[in-house]
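*Asks:* Okay, these came from TrEMBL:
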TRANSMEM  15-37  transmembrane segment
TRANSMEM  78-97  transmembrane segment
TRANSMEM  109-127  transmembrane segment
TRANSMEM  133-155  transmembrane segment
TRANSMEM  175-195  transmembrane segment
TRANSMEM  247-265  transmembrane segment
TRANSMEM  277-300  transmembrane segment
TRANSMEM  306-326  transmembrane segment
Amino acid sequence: MTTHAPHRQASGSGLYTLLVFVSIMLVLIVVILSAWLRLSGSGLGCTEWPSCYALIKTEISGAESLAAAHLVPPWATLTHRLVASALGVLVLGIVVAAWRRRRQPGQSVLIPLAVLGLTVFLSVLGYKTPSPLLPWVTLSNLLGGMAMLAMLWWLGQRSVSTQTGVTPRHELRPWALLGIFVVFFQIALGGWVSANFAALACTDLPGCAAYPWTDGPWRESFNLARVLPATDAGAVITGDTGKIIHLAHRAGAVLTFLYMAWLGWRALGSGSRYRSTGIAMLVFLALQISLGIGAIATSLPLSLVTAHNAVAALLLLSVVNLYHLLTPRT
């Protein structure tokens, strides 16, 4: 009987790894499709741009974007739900497989459970979304999906890593961890722009013209419990809060660019083990900045803004990968 144990262990490891990487692909699809649905729903790419942006129904029941009714085809929503449902089944399989592998060195059970918890939370949030006038709902959907993607990527990389004899450069590890938080926070700022319909609050580069910085409603702009005001016609009122939120995202982009450029350069010069990840970080960073500036300069086309969201996810994965490479296997 004992002669078959290594075979069963290898078979279980292969199934676990397969489940994780298929789930990564599905989460990436869901994240990109969610961004497209969310941005379409806010009015990006609508026919009568920009007057059709941020138009919503304000009834308590059946709240939805007026612009989205013309932009979002039924197949897109159906595809999103089907992929999300399949993902839920796979995540449950990952938890079961992780529990069976729990005695193997380096196998985490808490992270798969956290992914499952996020899956349940996002499922409930998706079916019970009360109103587009609650920005925290949109932000929770975005950050929950990004967190799932990052955790699954970590699980996948740990499951296939074979360099157990390599001693990572520990001095760079805390900076990589900080990089994860920096990118995640910047993604949150971008999501807050979208959730508050603030994409058109600043159309100048690099800042908003003639904005009264000292008298702005800073506290209200970042109140997670805020309810967006809207006119009787269903147009969201952004005002100065929209300008503050938009400018905060731009300021965060500058800081994120500087920090991630430094971190990517450090990774690039830290040896062959980290070189490809450093290159990926710098490429995604340059692409992300280019997409952000290009989107503003070209009046926010839906394709560019969606790509901006997708590359943000890839940038997050690249810095998670760096942290993985810098973390010893236990």
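Any Cβ shown, glycine's included, is placed from N, Cα and C.
TrEMBL labels come from automatic prediction, so no person has curated them.
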*Asks:* Counting only residues 6 or more past its boundaries, what in the same chain has a CB within less than 8 Å of a CB in the transmembrane segment (78-97)?
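*Replies:* For the transmembrane segment (78-97), the nonlocal Cβ contacts are 12, 15-16, 19-20, 22-23, 26-27, 29-30, 33-34, 37, 109, 112-113, 115-116, 119, 122-123, 126, 155.
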*Asks:* May I ask which of the stretches 109-127, 175-195, 306-326 has the most CB pairs under 8 A with the transmembrane segment (247-265)?
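*Replies:* Out of the listed stretches, 175-195 contacts the transmembrane segment (247-265) most.
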*Asks:* In the same chain, who gets a Cβ under 8 Å from the transmembrane segment (175-195) while lying at least 6 residues past its ends?
*Replies:* 38-39, 42, 135-139, 142-143, 146-147, 150, 222, 245-246, 248-249, 252-253, 255-256, 259-260, 263, 266-267, 308-309, 312, 315-316, 319-320, 322-323, 326
*Asks:* At a C-beta cut-off of under 8 Å, are there same-chain residues at least 6 beyond the transmembrane segment (109-127) that contact it? List them, or none.
*Replies:* 84, 87-88, 91-92, 94-95, 98-99, 102, 137, 140-141, 144-145, 147-148, 151-152, 154-155
